[in-house]
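I'd like to ask you about the structure that follows.
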Amino acid sequence: MVKRADAGAIVAQLRVAIAPDDIAITLHHKLCHAARQLLEQTLPAIKHGNILEIAQRENEATCFGRRTPDDSFLEWHKPASVLHNMVRAVADPWPSAFSYVGNQKFTVWSSRVHPHASKAQPGSVISIAPLLIACGDGALEIVTGQAGDGITMQGSQLAQTLGLVQGSRLNSQPACTARRRTRVLILGVNGFIGNHLTERLLREDHYEVYGLDIGSDAISRFLNHPHFHFVEGDISIHSEWIEYHVKKCDVVLPLVAIATPIEYTRNPLRVFELDFEENLRIIRYCVKYRKRIIFPSTSEVYGMCSDKYFDEDHSNLIVGPVNKPRWIYSVSKQLLDRVIWAYGEKEGLQFTLFRPFNWMGPRLDNLNAARIGSSRAITQLILNLVEGSPIKLIDGGKQKRCFTDIRDGIEALYRIIENAGNRCDGEIINIGNPENEASIEELGKMLLASFEKHPLRHHFPPFAGFRVVESSSYYGKGYQDVEHRKPSIRNAHRCLDWEPKIDMQETIDETLDFFLRTVDLTDKPS
């Protein structure tokens, strides 16, 4: 036996079919019957030591947390099939699914999917008899339901009781609920993740974003937004402003960090001071004021782990010797992960750690940073193409990474902030795309192909070829590389109902297009 739920070896299994008409109570009876069968077969074998243990795939094992009322909201923008299955899952003996008409709560006890119903705004009443509600895809018929604490009745009777007519709108919360906007503090708001996350949050009407950074070029498009509040400054100087806003806000994302590999060997102490010491102070503010922190860990913490898939809960975190300063970023982040975890365990800090795996897209660094070598891979490669200099393949460019589109990454991060059912509390979540695995050499070739067919191609010099260079000559003697880095995204799927969707080629095309259109073409050949 092991202490974790749904972990350890399998000693007995029995498949239980879920029929289309099953609800929570009927499935419960099926599972009880199956459990009785298994115990009758297995307990004697355990007693006599005759069991055969089968190792399970730990990265596929799942468990679901305690049910909360949030699990029963009927969110009408979702597909009808999803809502129907939710009604089945939380029906008798549970309190069942619910929604509101104005301030009147009503419960749905049974439902039916109408996949080909006429299109209407999600949450709109399409018809009264049957009581048909438009969803994000298809429509849901409310077969039986209950108004408030009343009796269970047929859908058409429920519509009459609630005063519904064709075109009425349902909602997931009481209409009179005036919800204060959630205040989100983003330190490093002008950075790659910060500016894209700000855009996603401001797309909704229930977030107020407070940001600090040393520049504002990437967020200039938000500066006049009524729900965006920005101060230009350095986190090492503006400590009083930061403490005040940690106290004021609901969610804190300290995104400030030096995260470019060449800086790990070039300026290891600066990496430690900013990435560790400054962030530790912010973490302690969150503990002091009991604020939720969403902390950017990194895929770098896995280091030279040899697992096929890097798993948040099981993979070992392996780094090189002390005389390789390349690892100072990885261990700084790892120690902060452990500090946050300890504060959560011992002092009740509400936290989520997320680990990005090679996110890329528009506004990833800039070409000026790439000119001094202080940028991530794709931006450096684009600069080589723009300037007509050889693309440098460090140690042959055979290192493999899983590249993730910034839009996929931000959607996952947005869902962490939303934290439906508090499922993200105390979790470590990899955010990456295992399907987009490619070597740096392959990335370079895909980028080159996209560059050659770009409409602005004629403004730039001829391709200067690939050049293999040693990592020690490029990064310095304190560098070590990682051969592969592929995430398990089991936790992201379980906690966020998320999986990446965007193909790597699409990301490359859009990133290249963004940077080429930032280049001053007045001095370029035409």
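From the backbone N, Cα and C atoms, a Cβ is placed for every residue, glycine too.
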The NAD(+) site in Swiss-Prot lists Asp234, Ile235. Which one of Asp213, Asp217, Asp250 belongs there according to the record?
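That NAD(+) site, as Swiss-Prot gives it, pairs Asp234, Ile235 with Asp213.
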Enumerate same-chain residues with a sequence separation of six or more from Ser299 (UDP-alpha-D-glucuronate binding site) and a Cβ-Cβ distance below 8 A; give 'none' if the list is empty.
Phe310, Arg355, Pro356, Phe357, Asn358, Asn430, Gly432, Arg485, Pro487
According to DSSP, collapsed to three classes, what secondary structure does Lys392 (UDP-alpha-D-glucuronate binding site) have?
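Its secondary structure by DSSP: strand.
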Per the record, NAD(+) is bound by Asp213, Asp234, Ile235: how many Å separate the farthest pair of Cα atoms?
8
An 8 Å radius from the center of the Asp213, Asp234, Ile235 Cβ atoms defines the neighbourhood of the NAD(+) site; name the other residues of that chain inside it, in order.
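Checked against the 8 Å cutoff, the neighbours are Leu187, Gly188, Leu212, Ile214, Gly233, Ser236, Ile237, His238, Val256.
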Using C-alpha positions only, work out which of the recorded positions Asp6, Asp234, Ile235, Glu300 is nearest to Ala259 (UDP-alpha-D-glucuronate binding site).
Glu300
For Asp213 (NAD(+) binding site), which residues of its chain lie six or more apart in sequence with Cβ-Cβ distance below 8 Å?
Leu187, Gly188, Val189, Asn190, Gly191, Gly194, Ile219, Phe230, Glu232, Gly233, Val256
Give the residue from the recorded positions Asp234, Glu300 that has the most other Cβ atoms within 10 Å of its Cβ, counting over every protein chain displayed.
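Counting Cβ neighbours within 10 Å, the top one is Glu300.
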Quick check for the class: what is the C-alpha distance, in angstrom and rounded, between Ile235 (NAD(+) binding site) and Lys392 (UDP-alpha-D-glucuronate binding site)?
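Distance between the two Cα atoms comes out at 34 Å.
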